[in-house]
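Participant: The structure under discussion is supplied below as structure tokens; questions concerning it will follow.
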Amino acid sequence: MEYRNNVTEFILLGLSQKKGLEILCFLLFLLCYIAILTGNLLIMISITWSPLINQPMYFFLSYLSLSDLCYTSTVTPKLIVDSLSTKKSISYTGCMTQLFTMHFFGGIEVFILTGMAYDRYVAICKPLHYTVIMSRQKCDIIIAASCAGGFLHSFGQFLLAVFLPYCGPNEIDHYFCDVYPLLKLACTDTSKIGFLVIANSGLMGMVIFVVLLISYAVILCTVRSYSAENRRKALSTCSSHITVVVLFFAPLLFIYIRPATTLPEDKVFALFYTIIAPMLNPLIYTLRNTEMKNAIKKIMGPYHGKQRKLT
């Protein structure tokens, strides 16, 4: 523990050290963050203020948008500020806090996606028992379990990083604090800890990803016996879920399923699950969803009405 005090702050090298490219990154990620805030807040408000909140699928979607918002907010605002900063530093405490909160909200998102897959499985494979199985109490339990699972996952990652001795250097080749870049800076043998990280992040993510794919495969086999119209509706909903799952899990597994090493490509892949996925999720879930479009129109209706009166 005494070695840890030798490092009081870390330097984040970010995505690039070229000034012109950093200004471009600032503008790009600022627009992305505005889109994330707007899209996810709009989904949360549209669902909460409409009867859709009583349907489990949309109940989970509102919490998914909330977790997306919190998850990206642990990383993106600092990335935007650092794009224009000469010195991209973060304190030791701030680094550990960022690591914990990022994995906490990321873990919650993973488990909510699992809950959404379970909801679609029950709705399509056990339609007669759907209202009994997916009661509001069951939905609340799934959300609570997602939060508990996210906490256990992030607390595990936090413990692995916080007790490591850091005695220099203090440069993190990333745009946020994560376990693998921190393992490179630790002045001790981290091979065993690396395996624990794989177990806590990589294997956990892989198991959940495989379970999700199997559940959707079962769903796709079930809908073959449906009428053409019902099959179209079921596939439309499931295709949105599958797109979001692949967009989130594929880059995540690329980083965490391999041995504890860092690659230059990690920063690019991390953009997918920290910024791109939270930005695209609202579009993916609304573009082909008539109920969501109608809910958004009702929320935006008064605003457009006022605009028309003003003109």
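Each residue, glycine too, has its Cβ placed from N, Cα and C.
Note that this is a predicted model, so its numbers are computed, not measured.
Not my notes, these are from TrEMBL:
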type     : residues : note
DOMAIN   : 39-285   : domain 'G-protein coupled receptors family 1 profile'
TRANSMEM : 20-45    : transmembrane segment
TRANSMEM : 100-118  : transmembrane segment
TRANSMEM : 139-166  : transmembrane segment
TRANSMEM : 193-222  : transmembrane segment
TRANSMEM : 234-257  : transmembrane segment
TRANSMEM : 269-287  : transmembrane segment
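Buried or exposed, and what's around them? Tell me for each listed feature.
Facilitator: Proximity of distant same-chain residues to the transmembrane segment (20-45), defined by a Cβ-Cβ separation under 8 Å and at least 6 residues beyond the stretch ends, is recorded for 14, 61-62, 65-66, 68-69, 72, 76-77, 79-80, 83-84, 275-276, 278-279, 281-283, 285-286, 292, 296, 299.
Away from its own ends, the transmembrane segment (100-118) comes close to residues 57, 60-61, 63-64, 67-68, 70-71, 74-75, 139, 142-143, 145-147, 149-155, 157-158, 176-178, 201, 205, 208, 211-212, 215-216, 241, 244-245, 248, 273-274 of its chain (Cβ-Cβ under 8 Å, at least six residues beyond either end).
Here the transmembrane segment (234-257) has long-range neighbours at 57, 109-110, 113, 116-117, 120, 124, 180, 197-198, 201-203, 205-206, 208-209, 212-213, 216, 219-220, 223, 226, 266, 269-270, 272-273, 276-277, 280-281, 284-285, 288-289, meaning same-chain residues at least 6 beyond its ends whose C-beta is under 8 angstroms from one of its own.
Long-range neighbours of the transmembrane segment (269-287) within the same chain, counting only residues 6 or more positions beyond its ends whose Cβ lies under 8 Å from a Cβ of the stretch, are 29, 32-33, 35-36, 39-40, 42-43, 61, 64-65, 68-69, 71-72, 75-76, 102, 106, 174-176, 178, 240, 243-244, 247-248, 250-252, 254-255, 293, 296.
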